[in-house]
Every structure is written in C-alpha cells, then in structure tokens.
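TrEMBL has this to say about the protein:
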DOMAIN    33-338  domain 'Deacetylase sirtuin-type'
BINDING   58-78, 139-142, 256-258, 310-312, 328  NAD(+) binding site
ACT_SITE  157  active site, proton acceptor
BINDING   165, 168, 216, 219  Zn(2+) binding site
C-alpha cells in the first residue's frame, strides 16, 4: 500500500559540498543541478514502499569516484576523444592488440586500482545491511561495490581486478599479473596520456613495441582481464542467475546508468524483441543485446515498479514510474531505507 507522502519526514535538498564529489573527481561527472526536494520525496516514497529492491548500477556511480565513463555528455570518453574501447575479436585475434592493451593497462593500473567507493556505494551497502536491497547487479568492472562491502552482488560484465586464461580458464588476481609485468619489463617505461574508463591509459603504438606480455603460468595460454569486452557475450548462467534474483524482488531501481551498453548474444530471441539488434552473418544471426536493459524489460513484463536515478536520459525512461535527475551520491545519501 502506498502511504501518503506527508507520513515521511521532509527530506532536505542535498547540499552541494566538497564531500559530495571529492575535489579532482568532478572532471568526469556531467553538469547537473541539485535535485529538488519534491523529487527526493518521491524517491523516498518509492524506496519505502518496497521490501526487496533489485538495483542496477552503471558508470554514473563510478564517475563520482574519479573513473571516467564512455557516454556522458561533454565529459565521457566518446566526447573527449576519438579513441574507442577494445573489442573482443580484436583482443583474441591479434597478439599486437593484446600487447598494446596490456601495456596501456599496466601503466594505468596503479591509478585505476586505487579508486575507492563513494557515498553512493556506501549508501547501497547500508541498504543491503538493513534488508532493503535484495540484489544488486552492476555493469561496472571497477570492484568499487566489492570494496564497499556489498555481498548480494553480481558483476554482470566481470571485474578488471581478475585475470582469466583463455586456454585453461584459471583465474588469478590482477595484482599478481602487475608484478609479473614489472619482472618482465624492468627497463620499460612510457609517458601516459589521458585515462580511459576501463583502467588503461592512452599510449602511442611505438611506445608499446618492446613491452613483454606473460602467458598463463598453468598452461601457457593467453591472459585476458575477466571482463566482457565490447562485442563479447555475457555468461549465460550469469544472466539466468540475475533473472532469478529479479523474480524474487518487488521493485527495480536503476542508479547511474543510461542502459545503452550493447553485448553480443547468440540466444534464440524473438525477432521483435526490442532489446536486441539483429546482425546477419554468413552462418548465423548474431544479436546485439542492450546488456542491463534486458532486466528492465523483464521487470516491465512482470509489471514491477521501476524508478531511475541518473543525470541524463536512459533507454528505460518510458518504463519507469519515477525518473529522478541528480548525482548518485548526493541523492542516495539522503534516502533512508525505511
């Protein structure tokens, strides 16, 4: 039952302070006015009405920790440069591409791995502790939810803090690989350019020519970050697991995601499914699926209430009963998991 808004304490509008987004982190956060009090009251009402929230998070959460994203207007990678992220087939099909990727990742890793959760991550962790948050699925690969202590968590696109072998499947910590890079390249150095969203930096091709990349210590296979590159598929078992957690929830909240990320799927989906774009190939039909958006479609089919907190427009705005525009940390830090 929806309670009248007057039964909830009036929420103060967030105060824009240095602690909302720490100094030096604003470079990657799009311009946004402070969220109005009415929107905060509506979001508080939404959160208070439900007991088992299913939360989807995206890059807009991590920009407030100083990690850039791809799509933000004016400040995302696509707006700042013509560089594009690594593609799955490029990585798996070219030793030169892997050398370039790992050299850039080696230089960027100390900074990327040092990023810490912000007040939005901590707020969602507190919602889990209170029992309000049933499950959280993140499209981010930065491990910030894990660092915040989130346990009811699925990293949909993997985690850059882990490395997998494409030969035997062995998974090892990324920090271990950093030590192997140092050992193999004691005299190698490079002047770093601008930082990229997934932990690497921009280097010119001639800078990476002498960089040495180790193989798997178990089988000699190719090492890859345990992340879903663009053009790769999300693990089918992972998707099925998340759908089960969604079915157990009673409402959905999207935080900091435009829901625009595309992943390849070979599933037999109906041609009319609005979450997929069909790309004909000589032997099959590949599907480009909007990765996180699929769960919003499933929630809508189940007639589950949906709310969205994001600075910009999202692919699921038409599915939501509530859309709040604002910075994730400023808004979530004043919402109580009642």
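Placement of Cβ uses the backbone N, Cα and C atoms for every residue, glycine included.
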Response to the item:
Among the binding-site residues 58, 66, the one whose Cβ has the most other Cβ atoms within 10 Å is 58
Worksheet item: Over the domain 'Deacetylase sirtuin-type' (33-338), what is the model's mean pLDDT?
Response: 88
Response to the item:
Around the Cβ of residue 219 (Zn(2+) binding site), other Cβ atoms within 10 Å, all chains included, total 13
Worksheet entry | Tertiary neighbours of residue 142 (NAD(+) binding site) (same chain, Cβ under 8 Å, six or more apart) | 62, 65, 67, 112, 115, 159, 160, 199
Worksheet item: Of all the binding-site residues here, 62, 310, which one's CB has the most other CB atoms within 10 A?
Response: 62
Worksheet item: Distance between residue 219 (Zn(2+) binding site) and residue 310 (NAD(+) binding site) at the Cα atoms, whole Å?
Response: 44
Worksheet, complete the sentence: When the binding-site residues 165, 168 are compared by other Cβ atoms within 10 Å, fewest goes to 168
Practice prompt. Starting from the Cβ centroid of 165, 168, 216, 219, which together make up the recorded Zn(2+) site, report each further residue of the same chain whose Cβ lies within 8 Å of that point, ordered by sequence.
Written response: 166, 167, 169, 170, 215, 217, 218, 220, 221
Worksheet item: Of the recorded positions 157, 165, 168, 216, which sits closest to residue 310 (NAD(+) binding site) by Cα distance?
Response: 157
Practice prompt. Quick one: of 58, 66, 157, which recorded positions lie within 10 angstroms of residue 216 (Zn(2+) binding site), measuring between C-alpha atoms? Sequence order, please.
Written response: none
Worksheet, complete the sentence: argmin Cα dist to residue 165 (Zn(2+) binding site) over the recorded positions 58, 66, 157 returns 157
